[in-house]
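Database features, via Swiss-Prot:
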{"type": "ACT_SITE", "residues": "D103", "note": "active site"}
{"type": "ACT_SITE", "residues": "D105", "note": "active site"}
{"type": "ACT_SITE", "residues": "D230", "note": "active site"}
{"type": "ACT_SITE", "residues": "H232", "note": "active site"}
{"type": "SIGNAL", "residues": "1-23", "note": "signal peptide"}
Amino acid sequence: MQTKLLAIMLAAPVVFSSQEASASDFFGPEKISTEINLGTLSGKTKERVYEPEEGGRKVSQLDWKYSNAAILKGAVNWELNPWLSVGAAGWTTLNSRGGNMVDQDWMDSGTPGTWTDESRHPDTRLNYANEFDLNVKGWFLKESDYRLAIMAGYQESRYSFNATGGTYIYSENGGFRNETGALPDKIKVIGYKQHFKIPYVGLTGNYRYDNFEFGGAFKYSGWVRGSDNDEHYVRQTTFRSKVINQNYYSVAVNAGYYITPEAKVYIEGVWSRLTNKKGDTSLYDRSDNTSEHNNNGAGIENYNFITTAGLKYTF
């Protein structure tokens with residue numbers, strides 16, 4: 001789905017360029033630009049469980065880590081006039097990528113800082129990740145060699161993981177870390193998904209010197225709606241959580257060189273973070289068909305870093 005979206009965005013300028021001459025001023029030179037990039041995605045996703053009846057202390061945390069997943073990224077920007085532009089962008093992983101997951105529990109309220117149970121799952125995969133972004137920019141400062149804009153937009157991002165096999169250390173029958181073992185290699189243990197809906201505001205700008213151009217962007221949101229789905233296959237249990245008004249921060253920097261007046265090659269780095277916040281969670285136990293709901297019983301966090309190299313072409 002996301003790959004198709006990128007293809008549509010990148011093909012749009014070709015369609016526009018074939019319109020009648022009467023619209024040539026509106027779609028003329030320096031009015032539409034497209035970008036296509038290849039790169040990698042690395043990051044970590046965290047899910048937490050809290051116990052409201054024990055003062056909201058943390059009783060469980062799962063850390064999902066991945067590195068260098070191949071991604072395809074694209075964008076199209078349309079300058080409606082010299083001071084206003086709209087854009088669409090997105091990226092998607094090209095295939096799954098190996099990772100690692102660590103699951104820790106703190107079940108003894110008398111020693112809340114010491115974990116009692118831990119499992120490690122080196123056979124973990126990032127199944128997919130993707131994002132789309134729609135935005136509008138107002139260029140309040142625009143000179144021949146630099147410009148600056150405020151922007152507002154909406155983006156959504158999704159992540160999916162599976163953990164298979166692994167080893168464990170449990171505290172059983174009143175003992176402390178007294179039971180160890182390994183799960184069969186082919187047993188799917190946990191599946192996890194995150195979904196974020198992010199309205200944001202920010203700043204963006206660039207500076208050009210001869211054929212070199214440098215740019216950056218900053219995004220902020222305090223209105224993120226996050227949700228996740230945690231499937232414990234062995235226990236036949238599903239956890240679903242929702243968090244509202246999370247904080248989101250993103251910083252992007254890029255540097256490029258114009259090989260022709262219309263074409264620029266460039267590299268870019270983007271760091272993004274969704275900070276942890278408590279939300280409501282629901283548990284569904286399929287072994288006995290029971291369920292329960294807890295307010296402020298879950299926490300969701302995500303951060304990642306994207307590096308890409310690509311081409312920008314202006315029509």
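Here, residue 1 is simply the first one shown, and the rest follow in order.
Any Cβ shown, glycine's included, is placed from N, Cα and C.
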Packing count at H232 (active site) (other Cβ atoms within 10 Å of its Cβ):
17
Does DSSP give H232 (active site) helix, strand or coil?
strand
In whole Å, note down how far the CA of D103 (active site) lies from the CA of D230 (active site).
12
Which has the fewest other Cβ atoms within 10 Å: D103, D105, D230, the active-site residues listed?
D105
Cα separation, D105 (active site) to H232 (active site) (Å, whole number):
15
